[in-house]
Amino acid sequence: MDTEKMITTPTHWPSPAKLNLFLYITGRRDNGYHELQTLFQFVDFGDELTVTANRETSSITITPEIPGVATEDNLIWKAATALQQHTSTTFGADIQLKKVLPMGGGIGGGSSNAATVLVALNHLWQLNLSDDQLAEIGLKLGADVPVFVRGHAAFAEGVGEQLQPANPDEKWYLVVKPQVSIATVDIFTHSELTRNTPKRALSTLLEQEYVNDCEKIVRMLYPEVDKQLSWLLQYAPSRLTGTGSCVFAEFSSKKEAELVLEQLPDTVSAFVAKGRNISPLKETLAEYQSAHPQSI
């Protein structure tokens, strides 16, 4: 490895949100984990990480600190140190996070941050790990991290670990974040949660109306989510993503989505974004690889 070729200037990487366009719970395993079928799609809106590789030290610095999150619990730090440990590299990095995605919204903010760090540092540290290797590291950090690492919209089965690329329509979305925090465990352990939705082929699911099996329980337990979803449904097909708390409405144009956004009170957190089957992270990586090929 020629460390003189290492890029040590700041590099900028997107950390996009994701939506679960549908989520079906098809069973429960003996260990308590739920079998599911879900469709992940990225959007062109998210956090941004400025990553600067450091060949002089192995330290990982992250700024700013996230209130209430210790460094060792920060998925960005966990991802960087996991990559160091897996490869025994002695390099470090300075990482700046521009946070715009709400935490705990079911849109993958933390998992996306972790994946962006893995992809960025794999390139900057010239490690040459494959997507499969990065996804394996990422899976230990969170169930959704591999989807973000691979960077393609995906149909997931099993407990979410079985992925196959998918190409759903790239619609415009209005995503709304109700001001509540949802405990995923409360949803998946609820006695009234649907757990026996029949498994279906992806081709069949893509032709049917999309549903989230968690939505009924979340709306029942969290009136604020029910309120926002009921409001969105006046304008367009709308659903919960993951176990929430974010909800989204789908539109055929940016203008339609923005017109509805304008009617939301300023106190409501929301954004308009376009569905993307190829992650903005993958596009950025390709640009950096083209400009700085790893010819070592």
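Just so you know, the numbers here start at 1 and follow the chain as drawn.
For all residues, glycine too, the Cβ spot is worked out from N, Cα and C.
If you check Swiss-Prot, you get these features:
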- LYS18: active site (ACT_SITE)
- ASP144: active site (ACT_SITE)
- PRO102, MET103, GLY104, GLY105, GLY106, ILE107, GLY108, GLY109, GLY110, SER111, SER112: ATP binding site (BINDING)
In the structure shown, which of the binding-site residues PRO102, GLY104, GLY106, GLY108, GLY110 has the fewest other Cβ atoms within 10 Å?
GLY104
Write down the Cα-Cα distance for LYS18 (active site) and GLY106 (ATP binding site), rounded and given in Å.
8
Using the Cβ center of PRO102, MET103, GLY104, GLY105, GLY106, ILE107, GLY108, GLY109, GLY110, SER111, SER112 as the ATP site position, which other residues in that chain lie within 8 Å, going by their Cβ?
ALA17, LEU101, CYS246
Restricting to the same chain and to sequence separations of six or more, state which residues have a Cβ under 8 Å from that of ASP144 (active site).
LYS18, PHE40, GLY108, SER111, GLY160
By a simple count, how many Cβ atoms lie within 10 Å of the Cβ of LYS18 (active site), its own Cβ left out?
26
Around the C-beta of SER112 (ATP binding site), how many further C-beta atoms are within 10 angstroms, looking at every protein chain?
29
Which secondary structure state does DSSP assign to GLY108 (ATP binding site), in the simple three-class scheme?
coil
In three-state terms from DSSP, label LYS18 (active site) for me.
strand
